[in-house]
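Worksheet: the structure to be examined is printed underneath.
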Amino acid sequence: MGKKEGGEGEESSSTTTTLPLFESKTARFRGVYRVFASTIFVGACLIWVYRLINIPKAGERGRWAWIGMLMAEFLFGLYWIITQSVRWSVTYRQPLKNRLSQRYEEKLPGVDVFICTADPKMEPPSLVINTVLSVLSCNFPSEKLSVYLSDDGGSQFTFYALLEASRFSKYWIPFCKKFKVEPRAPEVYFTLHSDVNDTKYGPEWFDTKKLYEEMKNRIDSVVESGKIPEETRNQHKGFSEWNLKVAKNDHHSIMQIITDGRDTNAVDNDGCRLPTIVYMSREKRPQQPHNFKAGAMNALLRVSSEISNAPFILNLDCDMYANNADAIREALCFFLDEKTGHETAYVQHPQFYNNLTKNDIYGNACFVTNAVELAGLGGYGAALYCGTGCFHRRECLCGKKYSKGYTEKWNIDGQNSTIDKSIQELEESTKPLIDCSYEKGSQWGKEMGLIYGCPVEDIVTGLAIQCRGWKSVYYNPERPSFVGVAPNTLEIALVQQKRWSEGMFQIFFSEYCPFIYGHGKIHFGAQMGYCLYLLWAPVSFPTLYYALVPPLCLLHGIPLFPKVSSLWFLAFAYVFVAKNAYSMVEFVMCGGTLKAWWNLQRMWLIRRITSYFFAFFDTIKRQLGLSETHFALTDKVVTDDVLKRYEQEVLEFGSSSIMYTVMATSALLNLVSLVLGTKRVVMDLELKALDQFISQVILCGILVLINIPVYEALFLRSDKGHIPSSVMYKSVFVLTLACLMPI
């Protein structure tokens, strides 16, 4: 069993021991793993020594290829050392929500929920309201819960959908609490529970499902028609906001309080108070920077401080519904613990997805990342802020620095001074807070709120908070607290990875580089752990080199690895076999399948030679002032045929992306090299070739196996998801040039 730690403390005014609100356990078998990791390190050192003492002399064939192999293997080894930094500190935390209820039930703090959406076409309103409804119905006092929807698309259809959801919530909230429904996103719940035969439960289930389907059909019909019916527009004053010009990137500030949680008459069908529901669309003008999601979050911070001003904030992406009704209570255990709670700035949950295939064709599940890597950073008190599924202390998010004398003020009565203001007064007073000009000359985006200027503003914001002295908690519950939608085409997955890797590499070059900004402020292991992600982009180079140069050298008859009969071969063989065997076992122990592990190896190869490779150059261009930061929104809508292929675990290509050209060229090169290399080793029956080139043949063979879906998409498939002929022609042309190049 792991070692318990943290959470314990004593009341200062009593001799009675105050029980902790959470428990911590360190990972098991740390010592065994460290011994194993040490053997890998020794093997890597032997590989470096072999490369150094066997560099071909000037003028010999393959000298520069050999030097390139040395550099690639050194970078691989260095990156592997960085990965170990998070494994030394893996810590698992478990909240004790029953103790929280016993101690704070009558004085639980308020919680504001921020949900961001940006495009009603890529993020359908019916998807957005499922996230809204899932948090509205959480097991938490409704009068202390407020839900804010930021709509950067300025869409009247999103507003209409939220209005419909607020009406349906009067039925959905009591239904969920009465029957302890899980999960509480109606679309997911009714899909998972399609047949209810309980005579007491059944009638209400059918009635609630009917109400939901009617609401969903109304929303979808209005969106499809492209027009809000006049009768509906007359039912709520909010639609008058769209009487003026409202375009996605050009519109005025829109603020609508749909449900006022202060109103004792705003109740559900059981007579219980409803949570506050607010719609916000900040002003946008074509010539004014709006800073994407970070700008939306900062606008929400200002607006919510005037309406509900809850001391704790949960932020969610619009597709990330609450999957655990007790998620809020569990997170508060970390904030309200008497011993360490006052040090905690935020509590980050891992990202899970409900649309993964059995063997996770696109490697979205992140089994090891969630179970090991992020838990390791959390062990240093430096959990990554991932942009969704995160609970924040409002003060920390607004720029407050931690000091040893800090005391929490969440339980002070009269904290919110808006009790006497009407809805109209609040709406009018908060509109200026979301105007384009409000942040000019202020510290918003610098010292206050989320930090601007980076595509992964969440990561850099989390680092900045930690460098102000705060700790952060990573919590990976048995039942996922928040569940979203993963990319289900290869192009969307690669574009998303490119945006992430580009943004994280920008951080490494910025003033927020962990080794500079975090020096003396966060643990050195945490600095290394951050770089595990910040250096995704440059790791593309050794990977691309290994995927291209060994097969090219095999074609030209240049050996790059020690002979099988040499003792040096053992170092290469041990590192390769041991590292991959451990990776496979760890992956399966974390919940994956062997085929999913194999799919992940394919995705790591594809990501590194495409997404990360192009992200590197885009980052360099930005550093040189040759390009600007762009935000690529992930599409949540796919056609039926694409969805069918995804469910069948068939890779979806279907476009002429330049990333596919690189991927196809690499795949074809390894196929050609395997055929000719095998001919050299087997057909010619050269024992010398067998001894010298078998390693390169095996490497090509592994890469060919990984790329089998690519060959199918190039030559065998005829569906719309195949690789276009134009990509194949370009790849063959590039391959021909590469084969003619001298090495």
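A Cβ is built for glycine as well, from the same backbone N, Cα and C atoms used for every other residue.
Please treat TrEMBL annotations as automatic predictions, because they have not gone through curation.
Here's what TrEMBL has on this protein:
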- 31-52: transmembrane segment (TRANSMEM)
- 64-82: transmembrane segment (TRANSMEM)
- Glu123, Asp152: UDP-alpha-D-glucose binding site (BINDING)
- Asp152: active site (ACT_SITE)
- Lys293, Asp317: Mn(2+) binding site (BINDING)
- Asp458: active site (ACT_SITE)
- 533-555: transmembrane segment (TRANSMEM)
- 567-585: transmembrane segment (TRANSMEM)
- 658-677: transmembrane segment (TRANSMEM)
- 689-711: transmembrane segment (TRANSMEM)
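Annotated features, which come from TrEMBL, shown on the structure.
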| residue | record | contacts (Cβ under 8 Å, 6+ apart) |
| --- | --- | --- |
| Asp152 | UDP-alpha-D-glucose binding site | Cys116, Thr117, Ala118, Asp119, Ser281, Arg282, Lys284, His290, Phe292, Lys293, Ala296 |
| Asp317 | Mn(2+) binding site | Ile115, Cys116, Thr131, Gly387, Thr388, Gly484 |
| Asp458 | active site | Tyr385, Cys386, Gly387, Cys390, Leu450 |
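Between the transmembrane segment (533-555) and the stretches 31-52, 64-82, 567-585, 658-677, 689-711, it is 64-82 that has the most C-beta pairs under 8 angstroms. Non-local neighbours of the transmembrane segment (567-585) in the same chain are 36, 39-40, 43-44, 46-47, 50, 80, 368, 561, 594, 597, 695; each lies 6+ residues outside the stretch with a CB under 8 Å from one of its CB atoms. When Cβ-Cβ distances below 8 Å are used as the criterion, the transmembrane segment (31-52) is approached by residues 66, 69-70, 73-74, 76-77, 80-81, 84, 87-88, 562, 568, 571-572, 574-575, 578-579, 582 of the same chain, each at least six residues removed from its ends. With a threshold of 8 Å between CB atoms, the same-chain residues lying at least 6 positions outside the transmembrane segment (64-82) that come near it are 40-41, 44-45, 47-48, 51-52, 54-56, 528-529, 531-532, 535, 538-539, 541-542, 545-546, 549-550, 552-553, 558, 560, 579, 743. Its own atom aside, the Cβ of Glu123 (UDP-alpha-D-glucose binding site) has 26 Cβ atoms within 10 angstroms in the protein chains shown.
Cβ contacts within 10 Å of Lys293 (Mn(2+) binding site), excluding its own Cβ and spanning all protein chains shown: 23.
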